[in-house]
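Residues annotated as [4Fe-4S] cluster 1 binding site in Swiss-Prot, with sequence analysis given as evidence: Cys13, Cys16, Cys19, Cys23. Per Swiss-Prot, [4Fe-4S] cluster 2 binding site is recorded for Cys60, Cys63, Cys66, Cys70. The domain '4Fe-4S ferredoxin-type 1' feature in Swiss-Prot is assigned to 4-33. Taken from Swiss-Prot, the feature domain '4Fe-4S ferredoxin-type 2' applies to 51-80, supported by sequence analysis.
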Amino acid sequence: MKAYELVVYPERCHGCGNCVVSCPVNAKHPETWGGKGPYSDDVVIRVENGVVTVVNQDLCGGCGACIEACPVNAIELVFKRK
């Protein structure tokens, strides 16, 4: 079990997709760079219905690229207490 969880605050998210493009896990999907969201479930996050959604928490490496890319602070890593 990871010591952190990627949390999205949908009320803040504008669905710009900056986080999706910045994620190194998502980068392996060519459609990410074409301006489309990845269709595979083998990604960490994607935009669905105008809001970023965590698709696969287990793939998140905790690098924080998505957090840095978000202009509205809609994403954060929440560290779990032991």
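Each residue, glycine too, has its Cβ placed from N, Cα and C.
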Can you count helix, strand and coil residues in the domain '4Fe-4S ferredoxin-type 2' (51-80) using DSSP? 8 helix, 9 strand, 13 coil
Run through Cys60, Cys63, Cys66, Cys70 for me and report the binding-site residues whose CA is within 10 Å of the CA of Cys19 ([4Fe-4S] cluster 1 binding site), in sequence order. Cys66, Cys70
DSSP helix/strand/coil residue counts for the domain '4Fe-4S ferredoxin-type 1' (4-33): 12 helix, 5 strand, 13 coil
Would you mind checking how many other C-beta atoms are within 10 angstroms of the C-beta on Cys19 ([4Fe-4S] cluster 1 binding site)? 25
For Cys66 ([4Fe-4S] cluster 2 binding site), list the number of other Cβ atoms lying within 10 Å of its Cβ atom. 27
From the binding-site residues Cys60, Cys63, Cys66, Cys70, pick the residue whose C-alpha lies nearest to the C-alpha of Cys23 ([4Fe-4S] cluster 1 binding site). Cys66
